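Features of the protein shown, as given by Swiss-Prot:
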BINDING   Y33, Y170, Q174  L-tyrosine binding site
MOTIF     38-47  motif ''HIGH' region'
MOTIF     230-234  motif ''KMSKS' region'
BINDING   K233  ATP binding site
DOMAIN    357-424  domain 'S4 RNA-binding'
Amino acid sequence: MTTILDELRWRGLLYESSDGLDELLTRERVTLYIGFDPSADSLHIGHLLPLLTLARFQRWGHTPIALAGGGTGLIGDPSGKTQERPLLSKEQVAANVEAIKGQLAQFLDFNAGDHSALLLNNADWLTRLSLMDFLRDVGKHLTVNYMLAKDSVRSRMTSETGISFTEFSYMLLQAYDFAYLFEHYGCKLQAGGSDQWGNITAGIELIRRTLGQKAYGLVYPLVTKADGTKFGKTESGAVWLDPKRTSPYRFYQFWYNVDDADVGKYLRYFTWLSADEIEELERITASQPERRTAQQRLAREVTRMVHGETALARAEEASQALFGGSLARLSAGDVIDIFEDVPSTTLPRQDFEGDGFPLIDVLLRCGIATSKSDARRTIEGGGIYVNNIQCPDVGRRLTLNDSIDGQFIVLRKGRKQYHLVKVG
């Protein structure tokens with residue numbers, strides 16, 4: 001491989017790029033930027049591709065700029081949207097920018113000498129731009145005809161909801177960002193998802209018209225799933241990078257449950273593994289799909305990258321719990337995550353105090369056994385587990401010492417029938 005573009009090509013990440021970009025990257029190291037929309041107080045897995053694109057460029061010796069959209073976030077990007085989004089307050093956008101800065105920073109190296117990463121906020125220049133200056137210095141150079149030809153605008157023009165002047169002007173603001181970064185930071189390249197191509201080329205045109213210079217664009221494909229459903233969404237919503245919003249366990253499980261048809265592509269997109277390593281994992285998936293070797297590697301790589309080694313270890317321990325693994329090191333929060341969807345029964349705390357609650361009675365109260373004799377037979381037959389430890393003692397009494405953080409006891413009948421006892 002001679003340039004970063006060669007790596008992006010074999011990973012399937014080069015959707016479209018400006019003419020001459022190959023030659024530029026062959027002869028010089030460049031500064032590039034990608035913008036991040038602060039529409040929430042956390043990034044989600046849909047942001048991993050842009051984050052990793054910046055990181056990949058930096059590993060090739062280029063200088064990445066992560067641009068938080070504190071200014072453009074006040075307007076809202078119409079690209080890929082079928083209707084206008086509600087405007088966030090200035091205070092909310094500013095708070096979101098501060099919240100995502102740390103997530104942006106963890107993927108980039110800010111102490112890499114002459115190609116150290118930069119973290120900027122376009123509110124620093126957009127909020128100082130007067131209306132008159134904007135109309136004279138930006139609006140003058142891009143015709144309405146030019147803007148209407150862009151997919152992000154044209155698709156909205158033909159919809160019932162249309163497009164407001166506010167969102168229509170977003171393209172000009174993003175173009176101004178590119179021109180500003182070109183002039184003040186020597187930024188020659190903007191990257192983004194394929195739905196950003198129109199906005200990126202508008203910036204290239206503005207730079208050509210106002211500065212008489214050549215700039216470049218590059219877009220990667222939008223992430224898709226083989227079954228046609230939206231990537232990054234689960235039944236409970238988006239998969240966030242913030243562990244308070246999506247726990248490391250659920251984050252790990254998202255990647256572990258990726259379909260066989262998608263896992264090879266996602267290994268290329270979201271990890272640093274080599275082509276040889278990925279091809280070997282694909283061969284294993286083709287011959288022994290039940291092992292889920294590729295999915296496990298994907299889950300490990302991405303969880304480690306986002307949450308760190310300690311969180312990965314806890315996520316893997318938690319993942320084993322549903323397959324009979326030890327619960328000894330799990331917290332109450334882990335239990336809620338893992339057993340959220342299993343049947344549960346709340347029993348009074350006082351019943352577990354003193355000598356404790358007879359296991360036979362607990363099984364009856366939870367509906368795991370239909371009668372005391374049924375409970376006794378199941379226990380004696382080795383079919384009952386307390387916190388995944390087999391319990392063949394019919395005289396066993398459960399106490400608070402059996403509970404996890406004083407809140408939960410996990411019962412299991414046979415191999416798969418779980419029941420969560422909540423200590424009330």
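Here the Cβ of each residue, glycine as well, is placed from N, Cα and C on the backbone.
Model, not experiment: these values are computed from the prediction.
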Surrounding residues of the motif ''KMSKS' region' (230-234) on its own chain - C-beta under 8 Å, 6+ positions past either end: 44-46, 223-224, 250, 254
Most crowded position, judged by CB atoms within 10 A, among Y33, Y170 as binding-site residues: Y33
Span of Y33, Y170, Q174 around L-tyrosine - largest C-alpha separation, Å: 17
Count of other CB atoms lying within 10 Å of the CB belonging to K233 (ATP binding site): 15
Cβ neighbour count (within 10 Å, all chains shown) around Q174 (L-tyrosine binding site): 27
Distance, the residue listed as 'ATP binding site' to Q174 (L-tyrosine binding site) (CA atoms, angstrom): 27
Alpha-carbon distance [K233 (ATP binding site); Y33 (L-tyrosine binding site)] in Å: 26
Three-state secondary structure, the residue listed as 'ATP binding site' (per DSSP): strand
